[in-house]
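Visitor: I'd like to ask you about the structure that follows.
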Amino acid sequence: MNYQLHELFKAVGIHRQIVGKDLIIDSISCDSRHISKGGLFFGLPGEKVDGGIFWRKALASGAVAAVIGEEAAQKDPPSNEDMVFVVSDPVAHWMGEMASVFWKRPSSQIDLIGVTGTNGKTTTTYLIEHLCKQSGITSALFGTLYNRWPKHSEVAIHTTAFGDVLQSQLAQAVAAGARLGVMEISSHALDQRRVAGCSFSGAVFTNLTQDHLDYHESMEAYFQSKALLFQAPLLRDKESCSVVNIDDPWGLRLSKQLNKSCWRASLEKRVIDSIQPELFLTDLNITNKGIEGVLHSPFGQGPFVSSLIGRFNLMNMLEAVGILIQHGVSLQELLPSIKSFSGVPGRMEQIKVEGDLPVVLVDYAHTPDGLKNALIALRSFGSGRLFCVFGCGGDRDRSKRPLMGAIASKFADHVTLTSDNPRTEDPQQILNDVLPGIATETELIIEIDRANAIQMAIMKALPGDIVLIAGKGHENYQILGLETIEFDDREIAKKILHLKLNP
């Protein structure tokens with residue numbers, strides 16, 4: 001892929017005098033370490049370092065030109081002879097827009113659905129991908145676990161990639177024949193303009209609960225970042241569709257700001273603040289084997305059966321079905337496909353070992369709301385005791401730590417407090433931050449070593465008991481200081497279950 005530099009600038013509305021209008025670029029990157037000869041470098045301001053200060057390194061490595069922000073230009077001013085272009089912030093906006101033009105605006109060539117929210121993004125996107133496959137729609141998935149499209153699958157590095165990579169991925173998916181794409185979009189990605197240049201045909205709001213306040217500083221700022229997905233320029237046009245969870249107070253507020261193309265979703269048929277949901281469920285029967293009921297939409301209703309565990313997963317299912325109906329898929333075609341969806345790795349994933357053993361599940365729940373939903377869901381799973389093994393991540397929102405402790409002690413019969421990804425924080429201090437939330441009468445074990453903590457909980461549990469290992473889910477690593485080690489809750493739990501069965 002090649003593009004004339006002056007034409008690229010012109011296409012996004014940047015008017016600059018460029019000496020040598022025949023300059024050609026063949027790639028776009030925001031990583032000065034990996035910029036290739038003939039590439040266009042974007043220096044993005046970061047939380048710790050402004051990437052714009054590396055423009056000299058990028059040019060020395062063969063970049064045709066560099067695009068940087070005003071602060072970087074003040075720190076290391078380029079001369080008139082340097083092929084450096086200073087743009088207004090956010091620089092990431094211009095990178096996304098130019099990368100989109102460079103790759104021939106790939107998101108405009110498919111139906112692209114964005115899914116945002118604190119919890120439920122991964123399950124909702126996986127459901128959409130599954131339902132597309134069952135309906136014969138060639139799709140692409142971009143998210144926390146994997147990025148995949150026909151004949152391609154790769155482990156994701158970020159929930160949402162930066163614009164230089166994201167637009168390339170979209171172009172590859174389009175070239176591979178994808179007709180519909182579904183993308184997890186984090187609040188960081190929206191705030192940092194990683195999805196600039198994307199054109200979404202639809203958007204889904206799952207919920208908004210406390211998380212990332214170390215980054216956003218307030219729930220209002222967190223909400224405003226999420227809301228960016230539901231307005232121009234990200235939503236394609238006024239007729240672009242959306243599905244919003246109005247059981248969530250932030251979702252209810254968002255729905256009032258949107259047009260008639262927004263479908264409001266609720267788990268019950270009820271009027272909420274004068275709003276009647278377009279999507280809702282009735283006749284629910286929730287058991288430890290799954291859920292069944294009747295799904296209602298503006299295009300009819302019908303029965304469904306799902307193997308997903310927990311009431312909270314119903315909203316993920318309802319919104320996935322709703323957004324696909326809005327994209328022209330028949331409700332009657334979608335309903336039978338719900339039953340065959342087996343779930344997402346690390347999301348209420350049961351560790352299966354044959355024998356007279358406790359039930360052990362691994363879940364990614366790492367927020368107060370996520371942990372509460374998981375524990376409440378497991379109460380219907382059996383009549384035995386409920387064990388909870390959890391910790392809190394280091395270098396992240398500290399205010400949620402005592403809240404997590406309070407929820408664990410309220411909804412579990414036994415709590416094992418341990419490390420999550422401590423990162424550069426003192427693991428003991430993280431546990432100390434959690435402890436004020438845990439009631440004094442709680443049956444509690446404190447064990448910093450996560451593997452030992454998992455073993456202690458499983459060994460203490462009896463057949464008929466349930467052990468929830470929360471926080472890390474699908475992750476196959478643990479971050480200790482600046483080191484990342486191999487660590488998988490699922491593998492450790494399986495090993496301990498075998499040990500318990502054959503001591």
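Residue numbering: from 1, along the chain as shown.
Keep in mind that glycine also has a Cβ here, set from the backbone N, Cα and C atoms.
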Visitor: Swiss-Prot records Asp420, Asn421, Pro422, Arg423, Gly471, Glu475 as meso-2,6-diaminopimelate-binding residues. Which of Arg396, Arg398 is assigned to the same site?
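Guide: Swiss-Prot lists Asp420, Asn421, Pro422, Arg423, Gly471, Glu475 binding meso-2,6-diaminopimelate, and from Arg396, Arg398 it also lists Arg396.
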Visitor: Could you give the residue numbers and ranges of same-chain residues that sit at least 6 residues beyond the motif 'Meso-diaminopimelate recognition motif' (420-423) on either side and whose C-beta is under 8 angstroms from one of its C-beta atoms?
Guide: 366, 390-396, 430, 450, 471-472, 475, 478-481
Visitor: Within 10 angstroms of the C-beta of Glu475 (meso-2,6-diaminopimelate binding site), what count of other C-beta atoms is obtained when all protein chains are considered?
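Guide: There are 19 of them.
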Visitor: Between Arg423 (meso-2,6-diaminopimelate binding site) and Thr118 (ATP binding site), find the distance joining the two CA atoms and give it rounded to the nearest Å.
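Guide: With distance taken Cα to Cα, Thr118 (ATP binding site) is 21 Å from Arg423 (meso-2,6-diaminopimelate binding site).
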Visitor: Once Gly117, Thr118, Asn119, Gly120, Lys121, Thr122, Thr123 are set aside, which residues in the chain still have Cβ within 8 Å of the Cβ centroid of the ATP site?
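Guide: Residues close to the ATP site, other than Gly117, Thr118, Asn119, Gly120, Lys121, Thr122, Thr123: Val115, Thr124, Glu184, Thr206, Asn207, Asn316.
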Visitor: Mind checking which of Gly120, Pro422 has the fewest other CB atoms within 10 A of its CB? They're the binding-site residues.
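Guide: Output over binding-site residues Gly120, Pro422: least Cβ neighbours within 10 Å is Pro422.
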Visitor: Cα-Cα, whole number of Å: Pro422 (meso-2,6-diaminopimelate binding site) versus Thr118 (ATP binding site)?
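Guide: A Cα-Cα distance of 21 Å.
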